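Per Swiss-Prot, active site is recorded for 181, and the stated evidence type is sequence analysis. Among the features that Swiss-Prot reports, ATP binding site is placed at 31, 32, 33, 88, 89. Positions annotated as Mg(2+) 1 binding site by Swiss-Prot: 122. Annotation source Swiss-Prot lists Mg(2+) 2 binding site at 158. Here Swiss-Prot flags 183, 209, 213, 214, 215, 216, 217 as D-ribose 5-phosphate binding site.
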């Protein structure tokens, strides 16, 4: 059986056929507390949930949902969480900080979750923080490649996304490259230094990355690519949050924005339902 948060019913509909689909009732009380009410669900159950935005409220709803499923006698619980919140806090950056991604995964493991299907974790090694969980970290390289037909070069804005650029470029059969990022220790200013392995002059360039939040990284990479002679710059981003004035900032440079629907947004050209369906069928 598949049960879904209201904000993920569209995604759950793409999974129909694996099992019956039902909606989780959700309520927010005047004092801010939340409550869920589940349809009758036993046996193997998949919970489909977009946890962004309102990540903290949605995480509590998810914890309550899982606990209610355990009380109801579910034999296996699979979570479909397209965008995993707190994934960017993947290590302890300063003394005294938690590793927030590990905390979330540990809580889910303690709640007797069997597995999680997610899309494009910020760092893949986050999955190792919860060895008891079966974690499927998917990347829509094929879907991006189809949307980026005609591109000449795939570009990562920094070394951290090189594996994404390589995966898409391999399918497109075009070269890929990345910018080396340097931060001035006194001013904090970031400079992007291009590698010399790929010529961007008069090329259609696709920048791939996992998250578009304020747009700063993407716009800097776009400007650098156009300074190097790129004719057009596209962006293929997995999780498009588009915070503050990100839309206007990105549109000021990027010629086309392509996002997935892991987070609901106006540029969600790539749907990830088919990708998730394949993995869910294997787990249930």
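Backbone N, Cα and C define each Cβ position, glycine as well.
The CA atom of residue 214 (D-ribose 5-phosphate binding site) is located 15 Å away from the CA atom of residue 88 (ATP binding site). The two recorded residues residue 216 (D-ribose 5-phosphate binding site) and residue 32 (ATP binding site) have their Cα atoms spaced 33 Å from each other. Residue with the densest Cβ environment among the binding-site residues 33, 158, 209: 209, by other Cβ atoms within 10 Å. Of the residues the record lists as binding ATP, namely 31, 32, 33, 88, 89, the two whose Cα atoms sit farthest apart are 30 Å from each other.
Across the fold, the C-alpha of the residue listed as 'Mg(2+) 1 binding site' and the C-alpha of residue 88 (ATP binding site) stand 6 Å from each other. Take the CB of residue 215 (D-ribose 5-phosphate binding site) and look out to 10 A: across all protein chains shown you find 27 other CB atoms.
Packing around residue 88 (ATP binding site) is summarised by its Cβ count: 17 other Cβ atoms lie within 10 angstroms of its Cβ, all protein chains included. Here the binding-site residues are 32, 216; the one with the fewest Cβ atoms within 10 Å of its Cβ is 32.
Under a cutoff of 8 A between CB atoms, and with a sequence separation of 6+ in the same chain, the neighbours of residue 89 (ATP binding site) are 97, 98, 99, 100, 101. When the alpha carbons of residue 33 (ATP binding site) and residue 181 (active site) are compared, the span between them is 43 angstrom. Across the structure, residue 217 (D-ribose 5-phosphate binding site) and the residue listed as 'Mg(2+) 2 binding site' are spaced 9 Å apart at their Cα atoms. According to DSSP, residue 217 (D-ribose 5-phosphate binding site) is assigned to a helical segment.
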